[in-house]
Number of protein chains: 2
Amino acid sequence: MTTTMLRTPIQHCKQCGTKVVYRLPDDGDTKERAVCPACNTVHYENPLNVVGTVPYFGDKILLCKRNIEPRFGKWTLPAGFMELDETTAEGAARETVEEAGAEFEMLGLFTLLNVARVGQVHLFYRARLLSDQFNPGTETIEARLFAEDEIPWDEIAFRTVKETLERYFADRRSGVFSIHCVDIV
Amino acid sequence: MTTTMLRTPIQHCKQCGTKVVYRLPDDGDTKERAVCPACNTVHYENPLNVVGTVPYFGDKILLCKRNIEPRFGKWTLPAGFMELDETTAEGAARETVEEAGAEFEMLGLFTLLNVARVGQVHLFYRARLLSDQFNPGTETIEARLFAEDEIPWDEIAFRTVKETLERYFADRRSGVFSIHCVDIV
């Protein structure tokens with residue numbers, strides 16, 4: 001995950017800079033929004049997608065030790081905020097290059113996890129590593145392969161990563177990978 | 001879809017109202033962002049999720065005739081922008097109530113469609129209608145059930161809706177509903 005994106009309330013209009021007011025817009029909307037009293041711009045805030053991969057090499061999984069907050073020093077799957085002008089899979093691949101410097105083939109969607117409490121949807125794709133050599137970027141202290149019995153379960157950075165890893169190993173045992181939809185409450 | 005959300009470039013800082021500049025942030029980010037020269041706030045713009053349902057009653061599908069722009073008068077599946085404080089499925093259910101006034105049971109995720117050109121991800125869930133009576137909201141001219149051979153294919157409002165309907169009928173014929181990931185280019 002590349003960026004801590006704190007949701008601080010919108011204070012000023014992004015179009016004209018006037019101080020906004022929070023009220024119901026005039027279009028029948030039923031939620032209060034930051035509305036500009038000068039130019040009438042309505043500011044929407046919506047959930048963010050976090051996209052990443054489960055990169056595997058044989059029976060091992062690639063994890064990255066975080067060199068950034070939050071969860072500095074904890075282990076994660078490569079993932080980060082989806083950007084404009086990319087698909088979910090393209091964003092997941094980009095993050096895997098940025099955070100692990102891995103070479104891989106993208107496979108199918110594996111988990112979709114809702115984290116409504118923080119306004120996020122996390123999507124992980126399976127990715128088949130083509131090499132066990134990695135060239136991690138500055139956001140990663142170390143990129144390393146782990147067999148299932150080596151996974152540092154108590155040192156996993158995010159709940160969505162833990163849930164994804166658990167389902168990956170369960171599906172691998174069953175011999176069939178399906179798509180898992182999970183709500184993190 | 002409830003809202004036309006045009007992406008106009010951010011002009012002013014949402015925290016302090018100062019005119020922003022577009023540049024690379026100082027944290028190693030590789031994309032230009034709207035950065036405030038006064039308070040250093042970095043403004044991110046990310047893709048939006050649109051969430052909706054494929055509501056079915058027996059062999060018929062519920063479509064809504066749009067009473068709003070864009071695509072006024074065209075037919076759509078109930079869908080709209082996902083809000084904070086809800087999951088993808090909760091948002092899809094909310095939109096189905098708002099746009100169709102339908103009673104239904106939510107089933108599984110059915111399609112995930114990337115529309116990178118407009119920075120959107122569309123997610124549709126199957127929903128089993130409990131009644132063929134509807135009470136559509138102000139965004140809908142008419143909510144109506146269609147058999148497959150009655151679908152107004154040339155009057156469907158959005159490409160993601162058309163792709164979802166096509167896959168729904170194909171899966172129904174095969175007897176197995178799976179999750180479909182589609183890139184709309």
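Keep in mind that glycine also has a Cβ here, set from the backbone N, Cα and C atoms.
Feature annotation from TrEMBL assigns domain 'Nudix hydrolase' to A:46-169. Mean pLDDT, taken over the domain 'Nudix hydrolase' (A:46-169), works out to 97 on the 0 to 100 scale.
Residue counts for the domain 'Nudix hydrolase' (A:46-169) by DSSP state, with H, G and I taken as helix and E and B as strand, are 33 helix, 52 strand, 39 coil.
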